[in-house]
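**Student:** Encoded as structure tokens, here's the structure I'll be asking about.
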Amino acid sequence: MMKPAGAGPGPGSGTGAVEVRVERSQRPPVHHPNSARLRARPYYRRWTPWLVPAASIACVAVFLVTMFVNDCPNRSAGNCSAGFLGRFAFQPLKENPLLGPSSTTLLKMGALDVSKVVQGRQGWRLITCIWLHAGVVHLLINVLCLLFIGIRLEQEFGFVRIGLVYLISGFGGSLMSALFIRASISVGASGALFGLIGSMLSELITNWSLYANKVAALLTLVLVIVVNLALGILPRVDNFAHIGGLISGFLLGFVVFIRPQFAWINQRRVAPGPQAAPAERKHKTYQYILWIVAAVLLIVGFTVAIVLLFRGYNANDHCSWCHYLSCVPTKKWKCNSSPTTCTAMLQGNTLNLTCEGKGIYRSYIVAEATQDKIDQLCNQLCS
């Protein structure tokens, strides 16, 4: 209700006040054919991460068990590092600069050794080596990287898919390492970690249309991969495990991290109306193509690698330059692999030990050749 100016009571005014009513028209609500109440939920489900923290705890637990079995004060003739730790003391720094157990102990716990895998048919070492670490430094680096990378991925994709990528990538890294590195053992989760990084890259590519800052994310991931692979050319680093894990994870990402399009998700949330919009496709054509190609390459690649490995195939015989992918010699360091395998043969009371790859052979007269005694003598011979 409004009153015009000067219409109030006063001298000269009329007997009654003039009132002007202004009624605003109510616009009827417009009902679109597909308008409906949307369920309040995010586009993609967010998972509570538990597998990655559990895997990190498992790596730490396995390392503690390994150090307990190692028992440096009683099995090593040299001066143990951090002797105040007692049974958990580390091997001498000249033997293991990463603050960890001996190579003999790692072999006993399931480290990857090609001769034992091929000739001893101990294929389980391709998996167990993923959970072992050469020392505290090695363990801390891998666990921190696993937590930093893995938790974010598990939140996005759940524990099943992340677990598959982690284990299969680690297995792929072990296969690649076994085909190229024959003279030393290999341990660590680096191949599995590179698999997670590779899966992040393929996830970005296969879900390219869903991201806003896609170019920046792509360049960042490529830079991280290049830097880490470059660090792999240092000695004592198994870069073949990194490369194998990276390739495996990259292909797996196309298979397990494919996401539906936003338009398809929105269409499923809207109640059907009398004039329904054309059905949206769940995935783009290029996503299906990448899925098929990656799945075929994974199956064929793993099958060929496993067959070649158990036939004793040495990839270095057919690739004279491939060893540079794992270590490039400079004036500062050499790339000769340190032998870590000790072979024992007992004849009467004579124990014959051979440090394979180094050409060292020794005979010992022993009253009783216990396993602890053999381990101690092997550590002295091959360190």
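The backbone N, Cα and C atoms fix where each Cβ goes, and this holds for glycine too.
According to TrEMBL:
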- 121-257: domain 'Peptidase S54 rhomboid' (DOMAIN)
- 47-69: transmembrane segment (TRANSMEM)
- 130-151: transmembrane segment (TRANSMEM)
- 163-181: transmembrane segment (TRANSMEM)
- 187-208: transmembrane segment (TRANSMEM)
- 215-234: transmembrane segment (TRANSMEM)
- 240-258: transmembrane segment (TRANSMEM)
- 288-310: transmembrane segment (TRANSMEM)
**Student:** As a quick check of your reading of DSSP, tell me how many residues in the domain 'Peptidase S54 rhomboid' (121-257) are helical, how many are strand and how many are coil.
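**Tutor:** The domain 'Peptidase S54 rhomboid' (121-257) comes out at 107 helix, 1 strand, 29 coil.
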**Student:** Residue list, the transmembrane segment (240-258) vs rest of chain: Cβ under 8 Å, 6 or more residues beyond ends.
**Tutor:** 157, 161, 164-165, 168-177, 179-181, 186, 188, 190-203, 205-207, 225, 228-229, 232, 283, 287, 290-291, 293-295, 297-298, 301, 325-326
**Student:** Can you work out which residues elsewhere in the same chain, 6+ from the ends of the transmembrane segment (130-151), have a Cβ less than 8 Å from its Cβ atoms?
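**Tutor:** Result: 49, 51-53, 55-56, 58-60, 62-63, 66, 90, 96-101, 106, 109-111, 162, 166-167, 170-171, 173-174, 187-193, 196-197, 200.
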**Student:** For the domain 'Peptidase S54 rhomboid' (121-257), provide the mean pLDDT of the predicted model.
**Tutor:** 91
